[in-house]
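Engineer: In case it helps, TrEMBL gives these features for our protein:
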TRANSMEM  28-47  transmembrane segment
TRANSMEM  53-70  transmembrane segment
TRANSMEM  77-98  transmembrane segment
TRANSMEM  118-136  transmembrane segment
TRANSMEM  219-243  transmembrane segment
TRANSMEM  255-278  transmembrane segment
TRANSMEM  284-301  transmembrane segment
TRANSMEM  330-346  transmembrane segment
TRANSMEM  353-372  transmembrane segment
TRANSMEM  529-548  transmembrane segment
TRANSMEM  560-578  transmembrane segment
TRANSMEM  584-602  transmembrane segment
């Protein structure tokens, strides 16, 4: 009888523990999870060199996230966020080995790997996986609603957004009048003035856009600087119109007012857009064109290719393709791959699309090749497109890597090896390709041998190639790397003064220059989280995160929206002239709201009744890829 009572009491006790979720095993598991969270937090805090007192709060947050993740995890959630976390952790650990201080010899810039780096990598990967898996679950449970009915048309919103952005941005140009001018700017200006022959090293289209303003100013008796200022005012207006289309595009898709307004505020309040709009760089207009191109690709994918059935829409899309190709030299590769992908996806429309796409893909090289040659326009130097391979080969020479006699002879013909050791800079190829003894003519005449030599040196010097690659591209994938982001007015020593492009104080506004510089510098370096919007690495990883969220939800169609940006990044990773320049990936700053938008699933509205903003297509509710050809389904 006593035995039965004890058994009953034990059963009731265990049942009570189970009901409360506090069985001994569960308590032990909770303790283990808490200890693991504390260890992960401690390692992460140590890696990022934060104060030790952050360990306990971070450990508590990580523990709570881990407990939450146990309730919501799925295999797919952990798989995609795990892969993303491993890649991100690897970027931190690998990028952290590069010393960008400039205070160490070239051969010691890439620091050796230690066993502790493996510990950091594992801890960061697990920590990121927990955090991003929970974030992914949150995003999945809060879809964006496409049900907003606006009282005005999307065109009216576009006009209003454009005017608003122009008014927000134009003061920056007046403060720094005639605008942001650097060496690249004067290289364009001297050709626009006809004082140097046209060269596709600086895209001809951009130079031709500048020419009427600069020559017109001189013809009317004004200075070249005045012509530059007027041109940049028009460029600011063009940027406002192109970027202002984004909020209107969201309104056209019937997304909430609370989605469109923050996007508009992001462009209006972020000072980098105001400064860039008034800077004489091809990269500025190119970034805005890629933004429009990306939104067009989204529309095409959303409509399952139906948008291209309309002659006007197809003509507009093809025109945008041409502008992208001629505004920057790597634009052609972006267009090439994108059009091939679209042609494969919608091959049932080949009779209509293929001739149009081929016309673009044939016309551009025909104009930039034989066409430019006939007009005596110099081609872009080959060295400009092989900056990364050239750095890898030069670093091998500097470190005394393994080379055959033939490979040494080839490098000697480009630049004497002793000179390479003196001219080499770990973070830019300019020291080599712009050296006065560099034999660019030999490189142009021996392109095939260049690739043969580069490939032949790869395997024996693989580790050196990896280090050189990491150093030359560091800022485009590592969040911990920063560099200058903008040109404030006319840069000293860039040759602008010789062309009468000098700073002018418009209505005393120049007194505000230092305040704007300090504001951007403070934003970039001192404000937590906000500083990320001026970090190239963060902007790139934000797009990668959006991609993984789309893949996790099997939303392959919307994932292809990110293709133009991915191709832009890849072309830079092959031909980057320097390790971290914000302007080369300025598009990713423009794309950030789109990356955030794509990270959320979408709940579409039923077909709306006729309203002032009716006639807009319903945004797809399904996230499955049933509309894609079987060949590309995953």
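Cβ atoms are placed via backbone N, Cα and C, with glycine included.
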Engineer: Could you give the residue numbers and ranges of same-chain residues that sit at least 6 residues beyond the transmembrane segment (53-70) on either side and whose C-beta is under 8 angstroms from one of its C-beta atoms?
Structural biologist: 30, 33-34, 36-38, 40-42, 44-45, 127, 130-131, 133-134, 137
Engineer: Hey, would you say the transmembrane segment (330-346) packs against the transmembrane segment (529-548), going by three or more CB pairs under 8 A that are 6+ residues apart?
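Structural biologist: The answer is no, given that the two segments have fewer than 3 Cβ pairs within the 8 Å cut-off.
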Engineer: Are there residues at least 6 beyond the ends of the transmembrane segment (353-372) whose Cβ is under 8 Å from a Cβ of it, and what are they?
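Structural biologist: Distal contacts: 200, 204, 305, 308, 314, 318, 321-322, 325-326, 332, 335-336, 339, 342-343, 346, 378-379.
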Engineer: For the transmembrane segment (118-136), which stretch among 28-47, 219-243, 255-278, 284-301 has the most Cβ pairs under 8 A?
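Structural biologist: Comparing 28-47, 219-243, 255-278, 284-301: 28-47 has the most Cβ pairs near the transmembrane segment (118-136).
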